[in-house]
Every structure is written in structure tokens, then in C-alpha cells.
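Participant: Please read through the structure below; I'll follow up with questions.
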Amino acid sequence: MSADALAAPAAQFPDAAGHFGRFGGRFVPEALVAALDELGAAHRAAMADEQFRAEFDALLRDYAGTPSLLYEAHRFSARAGARVLLKREDLNHTGAHKVRNVLGQALLTRRMGKKRVIAETGAGQHGVATATAAALFDLDCVVYMGQVDTERQALNVARMRMLGATVVPVTNGSRTLKDAMNEAMRDWVANVDDTHYLIGTAAGPDPFPRLVRDFVRGIGDEARAQCLELTGALPDAITACVGGGSNALGIFHAFTDDPQVRLYGFEAGGEGVATGRHAASITGGSAGVLHGTRTYVLQDADGQTQESHSISAGLDYPGVGPEHAWLHDTGRASYRPVTDAEAMAAFELLCRTEGIIPAIESAHALAGTLAVAGELAAELGRQPTIVVNLSGRGDKDVHTAGEYFGILDKE
Amino acid sequence: MSERSRIGVVFDKARADGRALLVGCMPAGFPTVEGSIAAMKTMIAAGVDVIELEIPYSDPVMDGPVIQRASGIALAGGVRTRDALRIVEEVAATGAPVAAMTYWNPIEQYGVDAFARDLAAAGGTGMVTPDLIPDEADEWLAASDAYGLDRTFLVAPSSTDERLAMTVAHCRGFVYATALMGVTGARAQISQAAPVLVSRVRAVTDLPVGVGLGVGTGAQAAAVAGYADAVIVGSALIRCLLDAPDQESGLSALRAVSAELAEGVRNPTP
């Protein structure tokens, strides 16, 4: 990578063909290229269209409940040794940052004149969000979900069905998120004329990484203004969990041109990166091609995708959005693994100190915050201010967490 | 490197004979490495002209259920990319052209230049790349030139005229026209979009055009042979082995279906 590329502001990326340095691009069947071109053009035109932006903003405000609060977590701060501000995306309609992405893409779907959306989902959060937007916009909706996940997330399957979506259990491969994504791609190749693939994270072929980023970047824009108002200064660090990475990109983006603001992405370390049972694509994987993009991938020496492992279904994916791969290579953001055990300890701490049950995904960001607070304090010589993206709420995780902590009553 | 690709000579002969070529696809290492070699040799003996050897991949998004299952069995059996190259070598020794068909990540991990070198050394004619478009193919363009390998990119009914011309301009050997919008797998009816797509390709190139996706019977093969230079069949052949109780009956079914398809391409429906 040239020094110029490193110095260029992140907003100039990706390039016209969707590359973030050596990452990104399009590794797709030719049959999809026309649809990706159409989507890219629609996205560019929409972003330049004041009416579209106004409609998106109004939906986010009146329907999704944004801007989400920036809440100073005093008791958690005392334990962390940092001034911790929580970006409360868990309070959005449907319970996570994902509603921003699905509303943006649903508006684009309507703009392109398409009547049907398909989506992949792991834990079911993106599926529920997509089904929600489809109901609101009167779109047909099919959600692909690995059979393993439909069984462990039965409540979310019921939610999607209540909202009018068809849920298709995927029975091939490892029967989890990556296979649901394969199946959604196959559906899309066959039905691309009338169907939009409403992808759930800032991954996949261009233009998905950039358009998803644009729809979720309000998280960081809001947090930046809120932090300035609350503290009179920018934060010292931003922390977020990274699976595919949309919530992290959403909060990072407003700060990428502020070099004094450190950006931390926390990957799912599962049982520990050294054990091989993890979902840390950047810290434990290598560069490769998966699901239409070049990025960091968990793979064997022959390029076969390896299964990921995490207590958090939303982070349980063997790839990562290409912009994160690039932010890692340029050094602008730091990526570190957080184990299941560390995440669950932070989960419990937030419950007990703040009365907030976080998503287990977001608990990885909380655990990472606890880990870097001391380093930052030592480096700065004062108490650091850290904005944590609390990307989702933990209602969906009550069963998993209850089992983990052994607090469920026996039958 | 010569301008005329090795496979081009085979196409020339078929054209002179007034027939199309039959390209048969089989995953490397399915059901085992030795089993796949036996299957490919059986196909050739029964009249398949060109072998398209698919390198199994964990996430084959262009493939339907039959090839997914077969690839999964091959991978579960432990097949490696280097095994695929050995299979190429054994099958190419029969004299039939063998092209590799592969998703991009296994090649990128092997090393693009190294794979091209080893594929050429094994006697392979080139590569069909279902998820690599010319826009991302700089390394492969250079490596295929260096080792004299064919490049078969896919064109689709949805390709614009501009993209179709660009894609075809980067092909060497033959062009792969995907007959329908969808994944691999035999279908009751061949798409009406296929003849239109083939004539669009012919408007911009003299390269032979193969049609794939959905062909499963001799009659369908004859119909496609009426307008295309090659009929590409995968799932209908692979299914013979998947459905069979043992290897012998599988190879017997494979022989019969190969022969039926070979008869079809030799008697094009006008």
C-alpha cells in the first residue's frame, strides 16, 4: 500500500470498483453483475437525492426511534477505570443497530421497483429486522436461516413468521450463517429481476459494503455530536464488536479523520484464538475470498472456509467486511479477540451495575473496553473517555446467558 | 504461446463433423480420488469429449443441490487441490482435453501463478471460473498467458452488451453461456434465453460457445447442439453416482447417461 493511500481520508474509499486497498471488489457470478451495477447506481443516486435522505431520516426518527441515547454509565465506569459512554442502539425499534440498514435498503428496494426481498440471518436479528421493514414497505420477504440456528433461535423464527416472512431452514453445509448466505446468493441469482438481496452486514460484493456503511453511519455521526455536547471533547476511543462489522463501521466512520480518537474492534475469540474454536477472522484468519469479496477469512491451506465458533450467534461468521480488513492493514483501527468467557463476564457486569441486559455481541465490546481502559489511562496519564457501541439488547440471549450462568430453574 | 488453443482444435473438428462437443463436469475426489478418475475415464469412453473437472469448494454459490452434495462428499473425504491436479494428469493422459472449473479462493490460496504452472504441467487446458469476472482477474490473465492456458469466463442472460463484449474479449478456448438465471442442476425444460444469449455471443466473437445449466437428457443435448458448439452437463452425470448403491452400478448408470448425451450432441436438432 502506498503512503498516499494510507494518508487519504477513509471517505474516499472504496474506489470506483469497490476496492478498499487490496480488499473488497466483486467475486461473483456474471449473472449478478447487472444487479450489482443497478444497486450501486441506485445507491449513489439515492445518496445524492435530498428527498430520499429526508425520507430515510424521518423513518429513523419516527419509526426506529433515533437518535439513540448516549448514556454515561457511571457505575460501569467506576469498574472500568474510564469514563464510559454507551451508545444505546439497543433501544432502537427491533432492538439493535440493524434497523438502520434494513430501512435504508428497503427504501432502495422500493426505489428500484423491486417487490421481493431476501435475507440471510444467523441469530435471527437481521431476519427479524428485514421482516419488519418488509411488512412496513409491503414487500414479499424470504429469510434463509441455517437449520442449526432455526432450532436454537425458535423465538426469532416465530417473530419473522408473525411479521409475514417466509423462513427457509438451510440444511446444507454447516447449516449456519455462512450456508444461509450461500443459499440467499443462489436465490438471488435465480430471481434477480424482481428481488433485492437485503444483506445484513457490511460484507459481500461491492456495492454492499459501502451502502450498508452509509446506512448505519448515523450511529457515529450522532455519537460524535452527543459526546461533544456531553463532555466538550471528542472521546479518546471508540469500541465496538466485529462480526461482519456493520455496527463497528457505523460508529467508526464519523471518527476516521480524527487521529486522536482510537478505534477498537473486538472480534469473537470463542474459546481462544489458539484453540482454533473462534470467529476472529482478522486476528485468527488470513486474506482470501468469501461471499463475493476479498477480506480476512477463516480458512484452511486450500482455501476451504472453516467453521467459526462463538457464544454469540451474531458474531459467528468466518469472514468480515472488507473495509475492516483495510482499516486493520492501514492501522487506523485495532482489532483484538475477546473470548466467550470475557464477554460473558462483561455481560454480567453491565446487568448488575447499570440494569441493562446487552446483546452478547455487544458484551464483546464491553469486555474489550475493560481490557483497553487501563492501557489508555497509562498512555494518556488521565482517565480516558470511551464511547462503546451498545449495538443490541440481550432479550434474545436470555436463554443462552441463563444456561451459561446456570440460573435457569430445572424442569 | 500460440494463438490457437488446444481445445480450439477439438472444436474445429466437431464443427467440421457437423456436431457439438459434450463437456462433462465431475468434482475432483468425488466420491474418492480414485473413484473420480474412474468416473471421468468412463465418461470419456462413453463419448464425453471434454472433462470439466470441478475443484470442490466449501461454499459453491453457483451450484445446485447435486453438485453441492458431491463437493461436500469429496471435501469430507479429504481431497486437496494438489489431488485435483493429479487427477487432471491421469485423465488428460487419455488424450481428452481436461479443463479445471473452480471457485476463486482455492486458486488464490494455492497461488495463481503456481496453480497455472502446475495445471499446465498436468496437461490441463485451462480454467472455467464461475465467480471470477475479468474485472478482478489481472493475475489470472497474466498467469494464463504465461502458461498458455485457456480462460473461460461466464456470460449470462443478464449481461449487458458492453459487459458481454468485454467478457468475451478476455476469453480464450471457449465461452461459457449460462443458459438460465440460476444455479446448476438438470431441469425439465431448457431455458428459452439460451439461444438468444448464444447469438449475442456470436455477434462479438468467433470463439466456440458452450451452453450449460439445466441439460440432462439426450433430447435436450440435441436441442442445445442445434445452436451451440458445446453442451455442458454436470448434475445429470453426477447424480448417477450419488443415487447408486455401489460404484459399479454408479459407473454403469454414468456410462448410459454419457452415451445418451453423446448421441444427442452428434445429432443436433436443426
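Backbone N, Cα and C atoms are what each Cβ position is placed from, and that goes for glycine too.
TrEMBL annotations: computationally assigned, not manually curated.
Feature annotation from TrEMBL assigns active site, proton acceptor to B:Glu52, B:Asp63.
Tell me what's around each of these sites.
Facilitator: Applying an 8 A CB threshold to same-chain residues 6+ apart, the list for B:Glu52 (active site, proton acceptor) reads B:Val23, B:Gly24, B:Cys25, B:Met26, B:Ala99, B:Ala100, B:Met101, B:Val128, B:Ile232, B:Gly234.
All protein chains considered, the CB of B:Asp63 (active site, proton acceptor) has 25 other CB atoms within 10 Å. Under DSSP, B:Asp63 (active site, proton acceptor) is assigned to coil, being neither helix nor strand in the three-state scheme.
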Participant: What does DSSP assign B:Glu52 (active site, proton acceptor), in three states?
Facilitator: strand
